[in-house]
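J.: Once you've had a glance at the structure underneath, I'll fire off some questions.
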Amino acid sequence: MNSQLLFDDLAQRGLIAQTTDLEQLIALFRQPQTLYCGFDPTAGSLHIGHLVPLIMLKRFQDAGHQGIALIGGATGMIGDPSFKASERSLNSAETVAAWVNALATQIQQLMTPHLTQPLVMVNNADWMQSIGVIAFFRDIGKHFSVNAMIQRESVKQRLARPDQGISFTEFSYSLLQSYDFAQLNQTHQCALQIGGNDQWGNIVSGIDLTRRLNGTNVHGLTLPLITKSDGTKFGKTEGGAIWLDAAKTSPYMFYQFWLNCDDADVYRFLRYYTFLSVEQIEQLEATDKAQVGKPSAQRILAEEMTRFVHGQAGLESAQRISQALFSGQLNQLNLAELKQLEQDGLPCRQLAHVSDVVTLLLETGLASSKRQAREWLENGAIRINGERWHELTLAQTFALYDQYYIVQRGKKQFAMVKLAQV
């Protein structure tokens, strides 16, 4: 892709928050270049907030450049203080090492099917662990002005909180990230670092250190921090983060998350997260606004993102579950799909046995009293495993795979019961 077209597309998508000299950057990327983004191991999985920078690496790779994914085995031992309200809890070396391996595997498994050339994977512990503390302070620390560092907004906010402040450990984080850029420039000729807009200060420090150590000019580009139209952080639900690991967030719940995206956000997220052209997204928005009824943008966003993260099989499974809950044809679900619902798709209670339906409705919270439960049954408001239910008793042989009952009240109230295995 033409360099100008690449950066024009990023701008039209709203993916450029801040950048060093844009004209210089466009000129530089007329030839194949290397860029990187860092991911600190703060958990054993990435979440959807990490998808935009990962997808950004793919956008550059599709244009003929080489992306590097840096896993912060060293920086993850400290934690980035940028715009954090309080000091991070430190994790053990064993925990961080396990998370480093998990993230490296996850990024490779996630991104490789979408790339003709795989991302280069690096771990900053590989070079940081070989530097002695005296050498680091002498050779790296001397290039940093404390006066300048404490003027950063992220540091000033912490210093303004007398109950929190900032430790020397976290204050030094910027030096480590800056050295990463200089190291990758030296070993991989890396010319650009990308990251969230909260990383701008660290990126600028890395640009300056690289110039001082290597005598080369490098660049930075930040992505907007993803928020919803109401200003709240995107990617969180009442149940917590939306993870990319299917064992932490099932493909069904992942699909539902995107499907429930607000109308005020969906077209912006299509620009950020998908590879639909800006023209296609604009046409979709115009079509949705012209027709009466539910817009199709959420469905397209959910399909694109679930396919990207969980593959076609994961998407089809999520769609089967959604359709089965809507139609009541729950016997069409396989055991793995029922386990997705058990994991995080429906409120699930585990019971030793089930025979009394009134008790079942009370245990699942679908009725608040025995009288109410009987009324729901008499009025035909209850379905069990898709069948309208009037009886007061229930045989275990009716359980799906001898384990599961899915109980429905009305159109939208669902609960799940799993029978304890003897």
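Just so you know, glycine gets a Cβ as well, placed from its N, Cα and C.
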J.: For the annotation motif ''HIGH' region' in Swiss-Prot, which listed range does it cover: 41-50, 311-320, 341-350?
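T.: Range annotated as motif ''HIGH' region' by Swiss-Prot: 41-50.
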J.: From the ranges 213-217, 233-237, 383-387, grab the one Swiss-Prot calls motif ''KMSKS' region'.
T.: 233-237
J.: Which value in Å gives the longest Cα to Cα span across the L-tyrosine site residues Tyr36, Tyr173, Gln177 as recorded?
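T.: Greatest Cα-Cα span of the listed binding residues: 18 Å.
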J.: Sequence-remote contacts (6 or more beyond its ends) of the motif ''HIGH' region' (41-50), Cβ cut-off under 8 Å?
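T.: Sequence-distant neighbours of the motif ''HIGH' region' (41-50): 71-73, 76, 79, 96, 98-100, 102-103, 106-107, 110, 226, 234-235, 241-245, 248, 257, 305.
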J.: Using DSSP, how many residues in the motif ''HIGH' region' (41-50) fall into helix, strand and coil?
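T.: Its residues divide into 3 helix, 1 strand, 6 coil.
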J.: Under a three-state reading of DSSP, tell me whether Tyr36 (L-tyrosine binding site) is helix, strand or coil.
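T.: Assignment for Tyr36 (L-tyrosine binding site) reads strand.
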J.: Starting from each candidate's C-beta and looking 10 angstroms out, tell me which of the binding-site residues Tyr36, Tyr173, Gln177 has the most other C-beta atoms.
T.: Gln177
J.: Over the span of the domain 'S4 RNA-binding' (355-419), count residues by DSSP class, listing helix, strand and coil in order.
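T.: Taking the domain 'S4 RNA-binding' (355-419) as a whole: 19 helix, 21 strand, 25 coil.
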